[in-house]
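According to TrEMBL, the protein carries these features:
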- A:12-31: transmembrane segment (TRANSMEM)
- A:36-55: transmembrane segment (TRANSMEM)
- A:61-81: transmembrane segment (TRANSMEM)
- A:93-118: transmembrane segment (TRANSMEM)
- A:138-161: transmembrane segment (TRANSMEM)
- A:193-215: transmembrane segment (TRANSMEM)
- A:221-251: transmembrane segment (TRANSMEM)
- A:263-282: transmembrane segment (TRANSMEM)
Amino acid sequence: MDWLFFGEISLAGLAMGGLYALIGLGFVIIYKATRVINFAIGEIMMFAAYLFLAFAGGMEMSPWVALPLAVLGGSLLGGVIEKIMIRPMLGESSISVVMVTIGIASILVGVVEMIWGADPQLLPSFLPRKPVFIGEMYLAPKIAYGFLIGAALLIVYLLYFRFSRGGVALRATASDQAAAYSMGINVRRVFNLAWVFGSLAASLAGVLVAATGGLSPQFGAIGLSVLVVVIVGGLDSIVGALIAGVFIGWLETVAGAYLGGEYRMPATFAVLAVILVFRPYGLFGTHEIERV
Amino acid sequence: MFKSILSKGRKLAGIGSIAAALVAAAPAVAQDKEPIVFGGSIPLSGVFAFAGVHLHAGLTDYTTWINSQGGINGHPVKYVMEDTGYEVDRSVAAFKKITGSNTVPVYYGDSTGFMKTIASELNSRGSTLMSGASFATALTDNEQYPNQFVPGPNYTQMFGIILEYIATQGKDGEKPTVAFVYSDTEFGKDPIENGKAKAAEMGIEVVEEIVTKPGSVDVSAEVLKMRRARPDFVVFHGYVLSPINEFMVQMRQMGLDTQFMGTFWSSDKLIINKMGEDADGYMGVMPYNYYDSAEGGPMLDALRATAEKSDPDAGYRPTGYMQGWFNAMVWTEVIKRTMDAGKELTAENMAESLASIKNWDTGGIIGIPVTAHDMSFPVGRIWRVNAKEGRYEPVSDWIHLD
């Protein structure tokens with residue numbers, strides 16, 4: 001066995017898994033606080049990546065200015081979606097809310113096609129291009145630096161949720177909405193905050209993934225792949241999203257390298273099937289979660 | 001209020017007089033002859049819209065041009081289409097709608113899936129000859145798809161042309177090595193088995209074969225495999241842009257001197273426009289001259305003039321435009337041959353006319369006279385990206401497979 005090759009493949013998979021974890025985090029934050037399964041997460045990622053393209057490509061801004069602007073734009077979009085489309089659905093069945101998110105996804109695809117057209121796009125190159133070597137192991141620079149940026153946001157998030165007032169309010173609402181409300185927490189605001197934070201994580205991941213693999217109006221399909229991550233990790237578990245994201249990224253890459261690209265998805269879905277049979281609430285999810 | 005109505009009335013009168021003038025100025029297309037309808041299921045939206053809008057423009061402009069030339073044997077041509085979103089069910093619905101309200105001798109199918117789905121109905125009707133966006137090898141199977149053709153080489157033939165070129169690039173009497181990279185789709189897998197067989201027959205070793213998910217995907221692990229296989233050439237199929245760019249950039253970052261090649265849908269200017277300098281040296285097989293190539297010819301000149309007139313701001317017209325135009329050219333030729341032979345415009349008669357095309361001069365759209373073989377035109381040329389000039393330049397002669 002070529003251990004160097006295995007090491008390089010594993011490293012690439014773990015780095016990609018880090019980005020999956022970031023998207024999964026966006027998914028889980030929204031679900032945990034609001035109990036809404038957001039099927040538009042991939043399209044929010046896509047929209048942010050197009051914003052980056054517009055700022056860095058069309059307006060020729062520095063990518064390091066365009067990146068935060070695009071991510072903020074994506075998170076703002078999440079907040080607006082919650083306010084005008086999801087909030088009126090409070091009290092409706094979860095299926096109805098899920099259908100609204102699917103509708104939002106279609107609308108976003110249409111809007112992107114109208115503004116930027118249907119051509120596949122490449123984002124302006126903004127990550128260092130010098131190959132990264134860890135010991136003798138090669139790692140594609142885009143993946144390596146994308147992972148570092150994503151990991152930085154993950155750390156900021158974890159610190160925010162642990163120590164800030166907003167983070168505590170969010171965790172409290174996730175644990176018990178009624179109790180949080182009775183303690184004076186503005187639950188509606190927390191819902192909005194969850195969409196903003198969830199979309200922000202997804203938006204950053206969107207720009208980083210698009211920088212690696214290109215962008216098109218169909219880019220949002222990646223959001224569905226990440227559904228596997230959050231179901232394996234547990235829909236309401238941040239730790240689960242992080243661990244499952246990294247694991248699924250690694251598994252997908254190793255399966256692709258050793259079995260062939262056509263086995264990437266079957267490998268991850270095999271894991272999903274096993275998890276659903278033995279732990280239907282995911283590796284780290286809570287038992288009472290409601291499935292759709 | 002009155003002024004507003006008057007103003008609108010004047011505008012309408014103005015538009016009416018312009019229309020009347022255009023009608024009067026239009027070249028003589030016999031008004032008493034029935035129009036010939038070009039039908040089309042066109043992907044103006046959806047995943048294939050990036051090409052669909054240009055295919056549509058090519059078909060539209062060709063219709064304008066042929067009508068300006070007096071139509072087909074005096075019959076005016078009418079182009080009737082519906083947007084399909086690149087969805088098979090919508091394409092089928094469009095086909096039924098268009099053929100239900102018109103007599104449609106020729107029809108543009110937007111995908112291999114649609115063309116396969118509609119084949120049995122097409123065969124039972126026997127009234128329509130179909131071609132379209134697909135270059136699928138399966139569609140050139142005359143037994144199963146007798147009423148469909150591809151407007152160029154099929155994907156297997158494209159691989160054949162690419163391998164013919166690669167075979168000439170060896171050094172010290174050794175044949176270069178090659179790797180195939182393709183998407184995990186019907187489109188991507190189409191030429192692979194035949195391509196491997198052809199490579200073996202030609203003594204070209206296929207040192208690696210990589211399948212990827214289509215679309216946005218990280219390929220760094222696959223690139224690591226390439227680093228070990230070190231092919232002289234990588235041939236991509238089943239993509240439009242990504243992940244070709246990532247393979248090229250990452251393999252070059254690793255210091256490999258591999259050359260990169262692709263088939264029709266991944267050989268447009270999109271690659272140059274999006275990749276910039278990184279696209280330099282990329283090669284594609286193309287059956288048509290590029291819109292901005294140095295080549296010329298009466299039909300190519302007519303195409304450029306019509307395109308310029310229909311949308312002066314459009315500039316370069318992508319290969320999809322050329323493909324749409326060429327499809328309509330073949331339809332015209334086939335209809336004309338069938339009419340000239342005094343035969344009815346049935347699918348069978350038109351397929352016979354298609355098969356009779358030998359050494360056909362396409363007026364510069366294709367650089368050499370072409371002959372139809374098994375419902376395809378197995379001809380192409382290898383073009384290489386000159387990123388500095390921002391265009392493709394020919395690096396081989398025209399290759400016409402037997």
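Using N, Cα and C of the backbone, Cβ positions are placed for all residues, glycine too.
Automatic prediction, not curation, is the source of TrEMBL annotations.
It should be emphasised that the depicted structure is a prediction, and the values quoted were computed from it without experimental measurement.
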Tertiary contacts of the transmembrane segment (A:93-118), as residues 6+ beyond its ends and Cβ separation under 8 Å: 35-40, 42-44, 46-47, 50, 53-54, 81, 85-86, 216-218, 220, 223, 290, 292
Considering the transmembrane segment (A:12-31), which listed stretch of A:61-81, A:138-161, A:221-251, A:263-282 counts the most C-beta pairs under 8 Å: A:221-251
Cβ contacts the transmembrane segment (A:36-55)/the transmembrane segment (A:138-161), at least three under 8 Å, sequence gap 6 or more: no
Chain residues outside the transmembrane segment (A:61-81) and at least six past its termini with a C-beta under 8 angstroms from it: 30, 40, 44-45, 47-49, 51-52, 55, 104, 124, 126, 192, 195-200, 202-204, 206-207
